[in-house]
C-alpha cells in the first residue's frame, strides 16, 4: 500500500497548481514563478542594465537567470551556481555544486575572474525540516555566505538582492547589510506567497 501525502503537503500542492504565477510561468514556458518575483523587484528598484555581470546563487531551476538575461542583453554575463543541476540557458555560465564547499566557491570565483560584478543575487534556501529552530539558522548561514560573496566580488556601487526568511537573526543581518550599502529596502513581491516567511532584501550602492 502506497504512502499517503500529509494534509499539509496536499494543501501545498493544491495551492501551487492554483497559483496564478505558477500558471503564468507554465503558459509562458518560464523556468519558475521566481521569474515574476525578480521582475517586480526590477520594476521598482532597477537593478539590471545592459552589459552587466551578475552572480546568481541558488539558481536552479533558472527563473532568475532566465529573467536577468532579458535585462542585460548579449553583452551581459550571468554566472550561476546551484547544488542541483540546471538545464542550459543561453548567456548563463552555470556551475553545479554546493556553494557551502570551499572548492565550489573557488571554482565560482575563477569563473568570475579578475573583474568585479555589478549584482550578486541569492535565492538560496535550505531543505526545510519544518522545525524553525533548525531551519532558520540554516537559512541564515546561507544568506551570510551570499553576503560574503558580495565582499569578494561586488563592485563599488553594486547591488545585492537576497531571499531571507524572517526569524531569529533577521534584524542583525539587516543591520549588517545597512552598514555595507547606501540604500536598503525589504520587499515582499506579489508572487511571494502570503503564508511564506520569505522577504527579499534589496541593497544598492555597495560601499566596498
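Cβ coordinates are placed from backbone N, Cα and C, and glycine is handled just like the others.
Under the heading S-adenosyl-L-methionine binding site, Swiss-Prot lists 62, 64, 82, 98, 123, citing sequence analysis as support. Marked as active site, proton acceptor by Swiss-Prot on the basis of sequence analysis: 163.
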Residue 64 (S-adenosyl-L-methionine binding site): tally of other CB atoms within 10 A of its CB: 29
Long-range Cβ environment of residue 123 (S-adenosyl-L-methionine binding site), under 8 Å and at least 6 residues apart: 34, 56, 57, 58, 59, 63, 64, 163
Cα-Cα distance maximum in Å, computed over every pair in 62, 64, 82, 98, 123 that the record assigns to S-adenosyl-L-methionine: 18
Among 82, 98, the most crowded of the binding-site residues [Cβ within 10 Å]: 82
Assigned conformation of residue 62 (S-adenosyl-L-methionine binding site) - DSSP reduced to three states: coil
Count of other CB atoms lying within 10 Å of the CB belonging to residue 62 (S-adenosyl-L-methionine binding site): 24
